């Protein structure tokens, strides 16, 4: 009965949402803010990848909030899961194929991750994407050797400093007479690596933070999994 | 004025650095949070002093409004920023200050709450709102009991549902208008958001952003969370965070949806909230859940207030909100030292006369007994409702009936507290909570002689908050002229929203 | 500083002194003296005679666009006189032995005294209110300070007080809605603006105004469907508190009704509001409510077996007379109603005091556990005798005069059924007060009460004083009628033409000086006849009884007290259905059930379905 | 009117009432005797009874309230007589009026109740509870009558009521204009006398359970005097309200004796009612008749 | 040029995901499924957001590749979605952690059982006697003998 009602409601919801969607100007988006950004991003920010310009420039505050959410999630996770009991049993190491594969992949993944982070203002990609790859790079050995202790303090140091760098960059702008999170150091030449002012620095901090955060999250969850 | 962004940035910075510093200087880590909050408090007070009372718009990152994110600082936003710093400072988890993660979460809550109060961008509001959520998830689960985890999970699922709805709503609004800036949306709203799409967006956003505001029906998490969370976290959530959710709804209503249907929706949900909350509270057998349910009811009354068209409703809602913000946390703090079940409160007044006396005072104000401030807030609501049509009169009857129920169950507690016939229970010693509650009580009492100036000031604030034109002009200072979007290079934005270049396949 | 400022300041000072002087040894006497000073201040203000302008207070507070102000007119003055008088005698009563006794039994005497002072202060503030906002504030203060007084006495009292506060809140909220209505229609909360706006009100608005304010004040008065809280709450209040509350607290509701219905709205617009499909109009509806308030509680009182409950139920019933009188709106009826408020206070307070004096000495007020105390406590008996004659409304006490005016008014008004109802109420009163005095003071003295002594002087003096007032104002009703006439004039009612002895009118006169004098002359002749023959009788023990066919011996005490009116009860007993109790219970159960349903909503194991439903429903609503 | 004549009237009115009351007692006894085929008492028997009772030695036990009860019972009636106008003497009738009279008449009842209550005999208390119940029973129809009269004549002043009736002649008497009320009033007044068939509370036959249980000697004498006054008062009141009062003493005496004698003759035929039957009877017929009469009056 | 049904199809995808996710939240009793359904619904909402900026023949908003500004799609929704996804990740991680702890505390992921256990714990912590439930014996009657198979909290986890 309950399920039937739920399905009926869900069907109704889908139908109504479609009805609403039919009223939307699909394919003719009213690009008000977006249009302005497209036109002026090159001059104002200097990042070839306009999405990056939006993420770090125009909507920098969102991005700050976003990494903070990750941080908060990590802190909350730590609070919820608590410390691992000393001497809790761990899973045994994986087989040699996985171990060797992990060792081979690790430098490659780190490299790719940093590349994607550092070129975020030029090409598709950026701090988040790269950060996730970095996290994967650090998680891979953990899959292969669950017994290896995770360096949580180190991760939190990276987390904290990277986040602080992001904010301090913003604060420097504020203290030098601009607004919070205003890009500094000029725009540079469009399309080159050292362009778009502080954006690459921010993206680096972001990537490191995301990477550390995700790695920490995964490691903690993995810890919790075995600690029964 | 642009330093107001520090109230967001500094708590974040401190939170980020807290684990790092904690490893080096533990003593510093313990006081870092309060220090930062104290600084924010001082900063806001200073800005309050220097400001001329006119609203100011700040372009974050130095980008002009429709492109970048705007912070809108009017008296209301400033007031809430002040309250955020103040309340987090008062409700700082001193007992558990050793745990840097909890301190960090509290700081994050403070920063994001300030952001929520200041933000003038729809998606930015969403981000800060989610940040508040995530920080509160951690904070309410710190007791690490099974019940706390399950309660938090239920909270999280509802909240997640709300997130999805809010995001859908934002997507609808953005599809329709192409902008996220509240001021620009306010300009476009009468043309673009008055139809079903806009209203559907409002419905989704209301349900999404109403989760923290304990809006019916997205409030089913409330009783269990408040029953399992530490008192200070409950106090923060019920007192502060719920009001920020209200603030978001207020901004949406004033700027985007000043239309009958949206108001009716809010009225209906508010009435349902009052009915369900107060009735459930009447049945509740433990104090914390009773307070939680009554909180639902009272927030329902605030939603009802906001649904009254015009500034009278805003004023009433704000007054109710500020009063609740003062009283409810204090009640939660008082309850912290007492045994949970109402029957077990018997004779507590002898062991803790101050706490019992405070409870009576706060309860009286909550019920709305003159000349305590709660009465004036309720009076404003009654006056606002009495001037309206039939649906509002029904709401008036509901609100007043709820007050009767409120008196009945709150004084059932008082009766237990002052029970004389048996040997008295004794409260746990909890000086810190008691002190904070006493402070709230003192503020409440000292507000009595200044009700008149306070009311005038609040009326001014409400008028400013309800001034849609003022908001638009502040953000786009081309006074009174139609907004020029940068995209069109001098082309009016309203026109830009019209026919667009033919798409090329 | 006007006289009113002085009075209010003095009352405030009393409260403050009590707050500060918790440790003072004879605080009760200070309190009594301060009440005495307030009383004196009030009497000095007594220049508020016929036609005098109201005494304003220099205090003005502007808030929320409204100006709050305070003033005293003759009506307020009359009620203030009752209030302060009741406070004075009550505090006198508790100042000596009663208070010591109370403290020894673990009562918090200081709190009781404080509550008294707070009550008096808040009532004065209420009576002084000069606009609807200050009226409401004063009203709430009065309600909550009464709660303080009621809740003092342990668990039963607290339960009764909780019931009270639920009712009182319901009333207050109704009034608040009324304020909203007034503000909406009249645009301001000033008396004058409301009075000016009344002719422009539509009839639903007027109905709303009458019902909301009627409910608000009616709760305090114990008007019929709202009366259930009162008897229990008053009877559980500690002694002097009960006499104070019994004497005056309920009358605040009457005062409010007079103010709003008579002074501001006026009886004419109310009488113009016809109820469709009936012969009644709004005024008659209220009068019938008042009449039912006379009859049902009075006959409920008849069944009580606790003296305090009996008196408290009568308190509700007597309120009906006052309202009935005032609603008549003519000179006689309204004078009767107003005067009854005064008279009632003067005998209800000593009645409670006498009951508490008995309780003080014997430890009980259960009418089945007392008897024969007249030989031990003759002064208390005298007080109660005077009191019940007043309460029953028999000559020569003052209760008769006010009831006579009310009856006269009803006859003039041509209301036979209401008249019969009022008289039936009086008969019920006579029956039940006889039961009260019989079961307490007459009949056989119980073995355990043989050693009982008369109550101490600190208690008997205020009782006797009030009894003297009952007698004197019954003998010379013109004294009170002067004040009543001034009050009538202040609220815009026709003014009663009166003499010192009563009323001179072609419709039927009353001269209490003559009637009372002749009654006492008659008693004198009777006594002369009785004692003239010399005393040719010998005294025997009380229990040396004539036994008829029954077995009555001195060692088995046998007091006829329980089920006193068996014959009558066999007849009207089935009429006691406790319908109102049932109604209240049903309401409570409904709220319980709804509350359980709401709890169930919040206890859903998975609440998302409601969310989904609401979202879908909302979308349907948005699209359509 | 000078003070002297007024004082004389006030003295004379109770005296006359006492004498007439004694005669009425005698008459009732004679009627009862005739119906029961007895001879009946001699002319001065009631006076003898009073003197005898007052002269007897009695046990007195129950304290001053017991005495006061009798004093109040007699004194109340004495006062009441001055409120009842008789031919040539108005007393203070104009200062009291109908309602006052009705209430003054309750004072003796209260006095009796107090006196009996104090005697500590439960049987006495039972009698009082019955008496008060009976009072509640007969006074409800009576107040209906009182209202009807007051409404009809527009005043409660007995002298004016009499004047109005006498001005209109016998056709303007209350009984002619308000026959239903007159019937109801007659029943109610009769019941108030505590004679057959409403004598349950007095319970003369089984003296053990009634108000008189502890009464003897001058207590009973007092009650006897009270009874004389009671008969007189009831009949005069009825005459005043419905039979135009007394144009002169002869007519007046005729009327008041008739008012007592006729219903009493009929009443002897009925058996005694129990308390609850009495209540039911009096709340049914007289009230019904009275209300219909009232409706006719107020039409 | 635009197939009439095509936008409909786009939206159907996004809304379909959203509604499937929501139905999953509503219909499942298992906590893990609820969390997955939440992720699904979020994906739907994100898709809806991205669709807001899309237009026919649009290209990625990256400069310096010779594309005209007019053809570029609105960059803002893309940035928003990036943010929304990360937010979703954070919430889900926290949800999983809580689910792990809840499972460890109560040994089940069934929402109904979790709710019952939670309410019992809350009541016990407050000192209220457990409210009557179907599982508890009514009144003071002794519990009827329960077969061993049913006793060990059986049923699905």
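Note that Cβ sites are derived from N, Cα and C of the backbone, with glycine treated the same way.
The model shown is predicted, which means the values in this text are computed figures rather than measured ones.
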TrEMBL annotation of transmembrane segment - which of the ranges C:206-226, C:227-247 it falls on:
C:206-226
Listed range which TrEMBL flags as transmembrane segment, given the options C:512-532, C:533-553:
C:512-532
Can you say which of C:164-186, C:486-508 is given as transmembrane segment in TrEMBL?
C:164-186
Write down the single range among C:341-358, C:359-376 that appears in TrEMBL as transmembrane segment.
C:341-358
TrEMBL annotation (transmembrane segment) - matching range among C:285-302, C:555-572:
C:285-302
Taking the transmembrane segment (C:457-476) as the reference, which of C:6-22, C:285-302, C:309-329, C:379-397, C:417-437 gives the largest number of Cβ pairs under 8 angstroms?
C:379-397
Can you say which of C:6-22, C:29-50, C:74-95, C:285-302, C:512-532 has the most Cβ pairs under 8 Å with the transmembrane segment (C:254-279)?
C:74-95
Given the cut-off of 8 Å on Cβ pairs that are 6 or more apart in sequence, determine whether the transmembrane segment (C:417-437) and the transmembrane segment (C:6-22) share at least 3 such pairs.
no
Would you say the transmembrane segment (C:206-226) and the transmembrane segment (C:164-186) are in contact under the rule of three or more C-beta pairs closer than 8 Å, pairs 6 or more apart in sequence?
yes
Restricting to the same chain and to residues at least six past its boundaries, which positions have a Cβ under 8 Å from a Cβ of the transmembrane segment (C:309-329)?
221-223, 227, 230-235, 242, 246, 250-251, 253-254, 257-258, 261-262, 267, 271, 283, 286-287, 289-298, 300-301, 335-338, 340-341, 344, 348, 351-352, 355, 367, 391, 402-403, 405-406, 409-410, 413, 418, 422, 425, 428-429, 432-433, 435-436, 493-494
Close approaches to the transmembrane segment (C:29-50) from elsewhere in its chain (Cβ under 8 angstroms; 6 or more beyond its ends):
3-4, 6-7, 10-11, 13-14, 17-18, 21, 72-74, 77, 80-81, 84-85, 87-88, 91-92, 95, 113, 116-117, 120, 124, 482, 485-486, 489, 495
Quick test of the contact rule: Cβ under 8 Å, at least six residues beyond the ends. What residues does that give for the transmembrane segment (C:206-226)?
139, 142-143, 167-168, 170-172, 174-175, 177-178, 181-182, 198, 249-254, 256-257, 260-261, 265, 269-270, 273, 282, 286, 289-290, 292-293, 296-297, 315-316, 319-320, 323, 580, 583
